[in-house]
């Protein structure tokens with residue numbers, strides 16, 4: 001599950017804005033770029049990278065045996081979790097400090113951060129090597145996991161310092177360069193996974209290719225950084241390591257709590273079930289890319305305007321109410337797309353899994369349906385409003401409470417109902433956290449539970465999505481899914497889209513401006529438009 005928290009701004013960092021404004025590095029390409037241009041570059045790059053990763057995953061699943069893919073998915077999950085935890089928010093800290101320091105001090109901060117990240121990468125490598133000493137602990141004693149664990153240990157030495165440069169290039173207005181490096185590395189990583197799998201090589205070769213891709217990322221990024229700062233003499237960063245950690249460590253606590261709730265189900269399955277079952281779980285637990293590209297991008301982009309409305313009111317209550325109104329406008333738009341998608345994937349989970357991944361992964365429909373049950377509520381990043389209201393600490397408290405709920409739910413459900421207990425516990429935890437967040441927003445804003453969410457519009461869209469889905473139940477009941485899942489999916493998708501649009505038009509849910517909005521997203525115009 002995706003983390004919802006943007007990077008909060010803390011007031012304790014050294015402020016040298018006037019001097020930094022004169023000396024901070026700016027790229028020629030970005031000097032004339034508008035905010036919409038920069039957002040388009042970032043969101044568009046994320047969309048393309050996500051699409052490549054999705055295609056890579058489908059092809060690799062098709063080429064590998066189920067047990068082999070289970071080992072690869074588990075090792076990849078271990079690496080990504082360890083990386084996200086051990087980075088300690090150091091790369092993101094550059095987004096905060098860059099406008100506040102001079103160019104020489106920024107170069108000093110980059111050097112300081114690289115040393116810290118190299119050390120953290122070495123510690124992560126030692127941890128992965130320790131896991132390699134006890135491979136029988138994972139995946140029900142599956143053989144062949146030792147070498148991949150050692151390879152992700154090596155990968156940590158490249159990936160940790162390489163993670164610094166993406167935020168650095170964004171902070172210095174080199175968005176195209178950042179997107180270009182990320183796209184090249186993603187494509188290289190995809191080729192490094194698909195080619196060995198197609199040649200029948202072991203998964204160790206795939207992990208080795210991913211390791212090489214991270215080394216390429218580090219080399220390309222460092223070369224670009226060296227060119228951008230070639231005429232700059234490094235100066236000590238004001239406050240040194242202590243100032244950087246004072247900003248990053250509190251945010252790391254929030255990240256740890258969020259990752260715990262996102263990854264506990266995956267660790268539980270990896271510890272107590274076989275590689276084949278983990279493969280089904282890994283396939284079924286994947287989040288639809290549209291969630292991050294649409295709902296979270298819309299909410300995150302609105303954050304500055306939400307803050308402006310909160311602070312622009314004559315009284316705090318007035319400003320909060322204005323921010324809630326703006327937040328609702330974003331939710332209304334994303335609801336029109338997310339709710340029908342949720343209804344469709346809940347109905348067609350099995351043909352979707354069988355068509356994309358093959359009949360061997362029909363069992364993945366069970367965890368996929370469980371996780372997809374959250375889609376109707378994933379219409380926004382709820383933590384955005386707490387950030388806008390100046391309450392980032394509330395997010396951490398909610399996540400910590402959710403950790404306890406998640407642990408208790410796994411302890412109860414796993415022995416009772418087996419493997420499906422882990423995803424069910426994760427979904428229940430997310431529902432609990434969302435409920436707490438919405439309740440807190442209602443209290444802080446003063447609008448109450450009735451005014452904190454666009455309930456009436458949401459209910460009308462949900463009813464429209466359900467009514468449009470009703471005729472498709474007959475298609476599923478006919479048994480066509482068992483015989484021809486791909487044909488069933490091919491017929492069902494356009495049929496449902498047409499039924500939903502007609503029903504929404506007849507009920508008035510889809511206003512003229514909403515029809516234009518949906519049409520723009522169907523054509524992916526917001527991802528292509530560089531000028532607004």
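Heads up, the Cβ atoms here are built off N, Cα and C, so glycines get one too.
Automated prediction, rather than curation, is the source of TrEMBL annotations.
Here's what TrEMBL has on this protein:
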type	residues	note
REGION	1-31	region 'Disordered'
COMPBIAS	18-29	compositional bias 'Basic and acidic residues'
TRANSMEM	39-64	transmembrane segment
TRANSMEM	71-90	transmembrane segment
TRANSMEM	114-137	transmembrane segment
TRANSMEM	149-170	transmembrane segment
TRANSMEM	190-213	transmembrane segment
TRANSMEM	336-356	transmembrane segment
TRANSMEM	368-389	transmembrane segment
TRANSMEM	401-425	transmembrane segment
TRANSMEM	461-481	transmembrane segment
TRANSMEM	493-511	transmembrane segment
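Tertiary proximity for the transmembrane segment (493-511) is limited to same-chain residues at least six positions away from its ends with a CB under 8 Å from its CB atoms, namely 336, 340, 343-344, 348, 457, 460-461, 463-465, 467-469, 471-472, 475, 518. Ranked by number of Cβ pairs under 8 Å to the transmembrane segment (190-213), the listed stretches 71-90, 114-137, 368-389, 461-481 are led by 71-90. Remote same-chain residues near the transmembrane segment (368-389) are listed as 1, 4-6, 8, 283-288, 291, 295-296, 298-300, 302-303, 306-307, 309-310, 320, 323-324, 327, 330-331, 334-335, 338-339, 341-342, 345-346, 349, 352-353, 395, 420, 423-424, 426-427, 430-431, 434, 437-438, 440-441, 444-445, 458, 462 (criterion: CB distance under 8 Å, separation of at least six residues from the stretch ends). Residues of the same chain lying 6 or more positions beyond the ends of the transmembrane segment (71-90) and with a Cβ under 8 Å from any Cβ of it are 7, 60, 64, 113, 116-117, 120-121, 123-124, 127-128, 131, 138-139, 142, 144-145, 148-149, 152, 155-156, 159-160, 163-164, 203, 206-207, 210, 244-245, 247-249, 251-252, 255-256, 259, 263, 266, 270, 275, 278-279, 282.
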